[in-house]
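Student: Just dropping this structure here.
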């Protein structure tokens, strides 16, 4: 049976704005309070989805969340009508309103961790929604994330869904942004690679000093248990705390893996040789030939990697066995990074081509190509069991473009978030979107009695 890696990209929501909410994310902080263009952001994301689908890659869409999150504001003591809640929050606690309007769910690499059926004890694809408890604006996402994933992968024979881990710092979980998988073929058993920033209960592990380590070892271990993964199919690695302090807030900012290949920066991990040795040995036991591509600091400094998002790229397998690296425009604009990529594609390794996309609206908030997608390896029967309304096609692309143009503003500043009409616009748009994507009632406003 054939198997595929399907990339489900997050559709940018109508409240896309630059709130500067993500401490430790250099781009998010440095572009705080700029005016955003939600319509352009959504169109940029859709253009990437359509281009990759046109190239033959399997591509899906993951819906955005209801924002502003009025229910979250009510839990914080704001009362009255929805308009009252928004306007009072704007007067008394603008940072809370900004957080409740965040469109950060577009970065669906943080939506969940996914284990393919070939790796799990019960032979189903497993999903665990990420609690994202390090940042308030993201910690409110997982209930809707779980409902959306449940509506997309809604066949119990093939798919198992787990609730987010306990929402405490000891189990901080950032989803697939700190997880990748190596395999000879997508439908065969592979090795799942969990990267953490600190240990919650063992003080012998080092930790960053400036920025928070968002993923704990204990969270990664819990997800592996929930998914029924075997010890011979899992490797845990600690991210280098020094690079977290340089703005590498998730592992997908310093490495990317696919198939049998890990593309990583020299400074990405602690005890790199031991980590690579485990990956090589465990993948070999499953018939695979692990290949590591190390980018030396002499070629690309960590600062350049963070600024360009070289590693927040998509490493995609072509039918001929070669790989394509999808990078943001910022890589072409960085002289050192672009020179390195020229060498990479000409030296006879697996990466044969680099494709550049303009994702500036997302990049200015600290999210590149890899942030925008959740990878799900599926066998043919599993892909057929996915809600087909979310699979990217030419007609769906056209429908979504028209939907965006109808409902999205082309400029959004902080003051606009206090406009109750924005909530009406968002709910109208999302109500229509659930019909387009055949999701049913996944949003809180659709579920109210």
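The count begins at 1 with the first shown residue.
Each residue, glycine too, has its Cβ placed from N, Cα and C.
So Swiss-Prot lists the following for this protein:
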ACT_SITE  174  active site
ACT_SITE  250  active site
ACT_SITE  371  active site, nucleophile
BINDING   19-28, 110, 137-138, 214, 252, 365  substrate binding site
COMPBIAS  27-37  compositional bias 'Low complexity'
REGION    23-43  region 'Disordered'
Student: What's the CA-CA gap between residue 110 (substrate binding site) and residue 174 (active site) in angstrom, rounded?
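Tutor: Distance between the two Cα atoms comes out at 5 Å.
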Student: Measuring Cα to Cα, how many Å separate residue 138 (substrate binding site) from residue 174 (active site)?
Tutor: 10
Student: Tell me the Cα distance separating residue 174 (active site) from residue 250 (active site), rounded to the nearest angstrom.
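Tutor: Rounded to a whole number, the Cα-Cα distance is 8 Å.
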Student: Using DSSP and collapsing to three states, where does residue 252 (substrate binding site) fall: helix, strand or coil?
Tutor: helix
Student: What kind of secondary structure is residue 138 (substrate binding site) part of, going by DSSP in three states?
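Tutor: Looking at the DSSP assignment, residue 138 (substrate binding site) belongs to a helix.
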Student: Restricting to the same chain and to sequence separations of six or more, state which residues have a Cβ under 8 Å from that of residue 371 (active site, nucleophile).
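Tutor: Non-local contacts for residue 371 (active site, nucleophile): 107, 108, 109, 110, 177, 250, 252, 312, 362.
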Student: How many whole Å apart are the CA atoms of residue 174 (active site) and residue 19 (substrate binding site)?
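Tutor: Given the Cα positions, residue 174 (active site) is 20 Å from residue 19 (substrate binding site).
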